[in-house]
Amino acid sequence: MVLASFLVSGLVLGILAQQMRPVQSRGVDLGLCDETRFECKCGDPGYVFNVPMKQCTYFYRWRPYCKPCDDLEAKDICPKYKRCQECKAGLDSCVTCPPNKYGTWCSGECQCKNGGICDQRTGACTCRDRYEGAHCEILKGCPLLPSDSQVQEVRNPPDNPQTIDYSCSPGFKLKGVARISCLPNGQWSSFPPKCIRECAKVSSPEHGKVNAPSGNMIEGATLRFSCDSPYYLIGQETLTCQGNGQWSGQIPQCKKLVFCPDLDPVNHAEHQVKIGVEQKYGQFPQGTEVTYTCSGNYFLMGFNTLKCNPDGSWSGSQPSCVKVADREVDCDSKAVDFLDDVGEPVRIHCPAGCSLTAGTVWGTAIYHELSSVCRAAIHAGKLPNSGGAVHVVNNGPYSDFLGSDLNGIKSEELKSLARSFRFDYVSSSTAGRSGCPDGWFEVEENCVYVTSKQRAWERAQGVCTNMAARLAVLDKDLIPSSLTETLRGKGLTTTWIGLHRLDAEKPFVWELMDRSNVVLNDNLTFWASGEPGNETNCVYLDIRDQLQPVWKTKSCFQPSSFACMMDLSDRNKAKCDDPGPLENGHATLHGQSIDGFYAGSSIRYSCEVLHYLSGTETVTCTTNGTWSAPKPRCIKVITCQNPPVPSYGSVEIKPPSRTNSISRVGSPFLRLPRLPLPLARAAKPPPKPRSSQPSTVDLASKVKLPEGHYRVGSRAIYTCESRYYELLGSQGRRCDSNGNWSGRPASCIPVCGRSDSPRSPFIWNGNSTEIGQWPWQAGISRWLADHNMWFLQCGGSLLNEKWIVTAAHCVTYSATAEIIDPSQFKIYLGKYYRDDSRDDDYVQVREALEIHVNPNYDPGNLNFDIALIQLKTPVTLTTRVQPICLPTDITTREHLKEGTLAVVTGWGLNENNTYSEMIQQAVLPVVAASTCEEGYKEADLPLTVTENMFCAGYKKGRYDACSGDSGGPLVFADDSRTERRWVLEGIVSWGSPSGCGKANQYGGFTKVNVFLSWIRQFI
């Protein structure tokens, strides 16, 4: 840059320099600098031209220099000229702009339409004819409107009409205005009209009327129908004329109103009534809906909603509300587990085949609470053996339960007072075998019952079982929408529904909500507590999410609503008839449906003890509805029960002989027929063909017998335990085909009156005996409290192991018939010495249990002087302890003849007036009663010998029974047998008041034969 040619004084420049120091970045126009020029491009691609730029003075280190003012450069000036179409040096704007551009520097975009011209400076549009608006976007006049094909129009003028006249083709009527005009705002005065067909006129229905608008019946016209009382409208209440000339529906009719009959009250139910027609002339006009809800713990059986049909009938039978047992029922279940309040029925469902199982039933029609409830229902005729539902009713306290044999079940009698029950039928509410019961709905191949009643899982399962179903089970990915819709319709969001495992071969994996996995190793239904991986939780279905139901678990004991399910496929299977009970047998059922025997189910039979099965063990229900084989029979095995074992004996049972025994007497084959030899051989029967089926004998022989039963042909061999007994009856008995033992019952009778001492003649004078010579001799000691000792005061005779016979006066208080307490006596058997200290081990001492004195005993004259003592413990028969024989009428006639000798024994007073230390014996002859009475009369001691007494002794006296011998035996020898036996004919009873062994004063004895009937009442 060149400075101007004139000079500036140093002073001026210095002042300017001082003033410029704070703003050294800006120049000053001092008029000292010339213009400069920038080369810029006009337009794109355009051309190059020069743009003049003014310069200002700048200072650097106090020296001035020139450059464009404001530090402008070419890059700051040239770009704006590129938008111009034509440029001019020195002009601070574009001369002209390219098309559709306007403004000083052509930066605006023209918005003119329809051929409008844009102003280069302002952008304003200059419009062509027929267009207006800021951008020439508006066509002057109104736009043309479309019309229907049946509409005819005349435009005026044709190109830019200001009016349009409309008309219709023949057969159509104009709907709307006939002329429209174009308004100043460019809008037509109305919409174009339409040409529409006219609908036919409609007359009032019979028993009703129609309300129609005035004028033509064209599209949009509405008819309103109504009926006279008591008729109601069948069809649409309003009809509208459509554009095609047709009404919107069929012309309705008026039909006379029909009423359904009144409904009976349903116990334990609430109901809501919704009237189905506008008129309310009666309680239940057609269309009425009645909805039932059971209260409390009652479940609805049947449809919950009934509708009154047009024919005056209800859509279904009335439902019932019943209590349903919440425990599963089997053939062993007792009624006590299901009874409710008195008179209250409870529904249970019995499985099939209960008449084939064991179980006690008490009563007829009314049953004891501990009875098998299903067997009782069959007995009462309320259920068949194929099972089914029944109502159990608490009948309250009852007694005198009667037994009977009904419907293949035998009930027992019971007299005790107890709670009782009876049965009511369950009314059928099914829609046939192939459909679902009333109130159930079909889900695929199942019938489902949904309830809002809440139960713990196990209780819910029990309710379902007693409704002939099971708790519902679904597959994880197959949740029917009909089920979820039903649940939502009942307001149930969480319901016990089990999750089914599909593959038994693979572990079942179930994804929980927390995304953890539970692996189960078997094909059980994953819902019950106690299953693998599921100790206390059960599965339920949660449908709170409207889009996606989810499976969850919670405590099995927590109540929840639930769904029951029954399989429809079973109901479509062939069904076999109930085979009925197996007499004397039992049955195990496999695969049967809950309400009968369907194809594929089977029954396995078995027999009770002592019976065998004749026929097929297992029968199966085939697809044609018949059993694969007839029902078998249980045939009784004939046996004999344990034969009675005689006291003091034994019996040995030997099995049937495997070889034929040969009779030694009367055998028919000991004589041969006189036939020719060939004929004799041919007379033998041909061998019987062998059967592949086991015979009844073979089957019976394979039955295991319980203890105490023996097969036909078994033999019972009897023996007595020792030689002191003899066997009476049959020694051997055989089990006959009638189940009885042959022969007579055996018994072991003590051998009586036998002495093991050497057989010797009578010894006439009294003397000591040998040890064991008189083994029936008993010593009776009485406790003397005053002397603190036992005293041997009487004798007695052993009749058998437990009974002693003695004199009545030995066991009663003196001069009375009052019996002394049995505890005051001890009885000795096998005793020889009076002194107890000299007794050996063969002496048996027993206590008295009971004492029986003849009721006619007279202590004044000692008539009926006889008594029996029962021992607490039986004695053991030995050489020194054996019973005496009782007399018979024959022996008494033979022995009680005058002069017949007998032996009396005892420890009584001897001739020295002391008690014998050893047992003594004396031989006495029988004396006639008259002689006895005469002798005492001569001694001035008159007495009477009754028919219950006899006398024995010597005229001269000396040998006699005496004090201490009372009650002892007077025995006679019986030599009528091979072996001598001794018979008890008398009991020492009384003697002379003057003493023992007095002349003509004989001893008195009780006549034993007179008292045999009385004795046999006890022994």
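Numbering starts at 1 and runs along the chain as displayed.
Glycine is treated like the rest: Cβ placed from N, Cα and C.
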Just choose from CYS199, CYS308, CYS321 the cysteine that Swiss-Prot connects to CYS260 via a disulfide. CYS308
So if I measure Cβ to Cβ from ASN624 (N-linked glycosylation site) and keep only same-chain residues at least 6 apart in sequence, which ones fall under 8 Å? ALA574
CB neighbours within 10 A of SER966 (active site, charge relay system), counting all protein chains shown, number 26
So of all those active-site residues, HIS809, ASP865, SER966, which one's Cα sits nearest to ASN740 (N-linked glycosylation site)? ASP865
Once the chains shown are all counted, how many other Cβ atoms turn up within 10 Å of the Cβ of HIS809 (active site, charge relay system)? 23
Where does ASN624 (N-linked glycosylation site) sit in the DSSP three-state scheme? coil
Rounded Cα distance, in Å, between ASP865 (active site, charge relay system) and SER966 (active site, charge relay system) is 10
Which number gives the other C-beta atoms within 10 angstroms of the C-beta of ASN740 (N-linked glycosylation site), all protein chains shown included? 14
Note down the number of other Cβ atoms within 10 Å of the Cβ of ASP865 (active site, charge relay system), including every protein chain shown. 28
Students should find that the Cα atoms of HIS809 (active site, charge relay system) and SER966 (active site, charge relay system) sit apart, in Å rounded to an integer, by 8
